[in-house]
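Read through the structure below, which is laid out as structure tokens, and then see the notes.
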Amino acid sequence: MEKKKHGKIIVGILVVLILQSLIYIYFGNQKVGFHIDEFYTYALSNGQERANDFIEDGRIYAGGSPFTEHYTTNKDNRFDYEMVWRNQAEDVHPPLYYFFIHTISSFLPGVFTKWIGLGVNIFFSLVVTILVYLVSKEFLKDKKAVFLSTVLFSVCPAVINSIMFLRMYILLNIWILAVVWLFLLYYDKKKLDKLFYVALLCITVLGTLTQYYFLIFLFFLCLYFGINLLIKKRWKDVVGYIFTLATAGIISIAVFPAMLNQIFGDGYRGEQSFENLAKGGDFFERLDKYLEIFKNSFFGNKFGIFAFIIIILAVIAILMNIKDLKKKTVVCFFKGKVMMVIFTVLAYTILVIKISPFQTPRYIFCIYPFIIIGLTGILFRSMITIFRGRANTIVLTIVSLICLLSFYSSYKQGMSYLFLEEENIIDIAKQHKDEPMICIYDGKQWKLMGSYFELSYNESIIYISKKNLKKLENIDITGFDKMQVYVSDSLNQDKMVNKILSKNKNFKTSTLLYKVSYGSVYELE
């Protein structure tokens with residue numbers, strides 16, 4: 001009988017994993033553009049040149065060829081993990097996620113496609129969903145509620161959006177969920193065994209090598225767990241616990257020594273974080289922006305309605321369960337290992353709100369699983385109380401309906417990391433692909449990286465940085481009826497366009513075709 005139950009659970013999870021993969025592929029197919037950091041994912045995984053050294057001024061390029069070479073592997077740098085480590089040492093992030101991107105790219109030399117990053121993220125999402133199920137089991141107990149929270153997590157627009165963002169945050173979710181699950185399993189055990197220490201060591205090293213924000217989450221989680229060990233006077237476990245964490249830190253530094261400088265030295269992300277921590281008076285402004293992200297991610301523009309429904313149901317359940325509250329049975333739920341996770345998530349969120357360089361969803365992706373598990377638990381417990389533990393089908397239906405309607409509202413609000421708004425710009429670039437282009441930029445080649453999809457369609461592009469503007473005089477464009485000029489938005493765009501018009505009498509007018517991340521493209525005719 002028990003085997004049959006386990007078999008049903010495994011089949012159910014497999015169905016969820018297959019369906020979520022199909023959903024993610026569907027949305028991945030819709031992804032039109034990239035955030036500049038997503039281009040950096042490929043450039044730092046595969047690029048042999050620094051981000052300001054891969055374009056030669058005055059040389060004629062076919063479309064996006066310099067970018068394609070920068071974003072892909074070739075016969076000389078396939079499986080070159082020393083290059084990956086070197087690139088990351090010069091950047092601000094640890095190398096593990098880039099290791100995976102480079103590995104897949106090495107099997108596809110010369111190929112730049114969103115599906116490399118999406119494939120990696122979708123694969124990692126399978127592990128994340130399994131861990132969400134395991135963590136939910138420790139919180140919700142009811143098997144149907146556990147399965148429901150897993151399904152809701154896999155179809156949540158906020159989660160789908162995080163997977164569409166081709167950075168290391170979905171991998172970060174794996175290590176955060178894994179370490180939470182580990183601590184939940186061992187919280188009430190009388191002894192920490194070798195398996196615990198080995199698992200903690202591995203997760204800590206891998207999490208640290210994925211994203212430094214893992215260390216923030218780990219700090220608060222370990223603090224709570226460690227205090228629990230001290231209160232129980234488990235001195236032997238305390239020593240083993242501290243030794244394991246210290247060993248993990250030493251191994252992490254040995255594998256990637258640059259992390260010390262990136263966190264505490266002159267790494268600009270580390271400097272920004274410490275500056276934001278020291279800065280006073282802006283916390284509530286930052287909090288307001290993150291609350292807006294949360295509302296849009298989970299409820300769209302209907303936050304007030306869904307918040308009202310959830311609160312009303314919870315209040316009704318509390319009033320109906322007032323006797324249990326007096327006996328402290330419900331309050332007890334918020335003690336021990338449950339409180340450990342609540343404390344960690346809240347402490348992490350508060351600190352991230354304060355120190356994050358930007359107010360964007362990426363820094364709170366890792367708390368999405370706990371938000372969904374928490375909301376599912378509140379709704380499920382409330383409905384079970386209201387229905388007096390009966391009519392499970394009705395309870396599941398109502399909870400599912402409330403969550404799915406909120407998700408639909410969020411979906412209608414749009415998923416930011418699909419960049420659907422760029423589709424029109426790319427269509428314009430395609431229509432004018434036969435026109436040659438002069439690209440006048442401010443010397444910062446990394447800014448041009450963000451315009452890859454638009455610039456890649458032009459058959460002939462000459463790049464000129466502001467320090468080499470004299471090279472414009474040597475460019476012969478007299479044989480063309482139309483041409484395009486890209487000008488960085490940090491330069492005087494009108495001045496640059498008029499300069500070309502004044503020296504080429506065959507062009508009389510200029511028209512703004514489209515704007516991109518760090519510049520504008522004009523058509524001369």
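A Cβ is built for glycine as well, from the same backbone N, Cα and C atoms used for every other residue.
Residues or ranges marked as transmembrane segment by TrEMBL: 9-27 (among others). Same-chain residues lying 6+ beyond the ends of the transmembrane segment (9-27) with a Cβ under 8 Å from its Cβ atoms: 118, 121-122, 125-126, 129-130, 133, 143, 147, 150-151, 154-155, 160, 163-164, 415, 418.
Same-chain residues lying 6+ beyond the ends of the transmembrane segment (115-134) with a Cβ under 8 Å from its Cβ atoms: 13, 16-17, 20-21, 24-25, 28, 31, 38, 41-42, 97, 100-101, 104-105, 108, 146-147, 149-150, 153-154, 159, 163-164, 166, 170-171, 173-174, 177-178, 181, 369, 372-373. The transmembrane segment annotation in TrEMBL covers 115-134 (among others).
Sequence-distant contacts of the transmembrane segment (170-187), counting only residues of its own chain at least 6 positions beyond either end whose CB sits under 8 Å from a CB of the stretch, comprise 96-97, 100, 121, 124-125, 127-128, 131-132, 134-135, 138, 162-163, 196, 199-200, 203-204, 206-207, 210-211, 213-214, 217-218, 221, 225, 228, 336-337, 340-341, 344, 365-366, 368-369. Feature annotation from TrEMBL assigns transmembrane segment to 170-187 (among others).
According to TrEMBL, the transmembrane segment annotation covers 215-231 (among others).
What TrEMBL records for 238-260 (among others) is transmembrane segment. Residues of the same chain lying 6 or more positions beyond the ends of the transmembrane segment (238-260) and with a Cβ under 8 Å from any Cβ of it are 85, 88-89, 94-95, 192, 197, 200-201, 204-205, 208-209, 212, 222, 225-226, 229-230.
Annotation source TrEMBL lists transmembrane segment at 303-322 (among others).
Residues annotated as transmembrane segment in TrEMBL: 334-356 (among others). If one looks beyond the transmembrane segment (334-356) by at least 6 residues along the same chain, the residues whose Cβ comes under 8 Å of a Cβ in the stretch are 138-139, 180, 183-184, 187-188, 213, 216-217, 220-221, 224-225, 228, 272-274, 276-277, 283, 286-287, 290, 363-364, 366-367, 370.
Annotation comment: TrEMBL describes 362-380 (among others) as transmembrane segment.
Feature annotation from TrEMBL assigns transmembrane segment to 392-411 (among others). Here the transmembrane segment (392-411) has long-range neighbours at 144, 148, 152, 155-158, 296-302, 306, 309-310, 375-376, 379-380, 383-384, meaning same-chain residues at least 6 beyond its ends whose C-beta is under 8 angstroms from one of its own.
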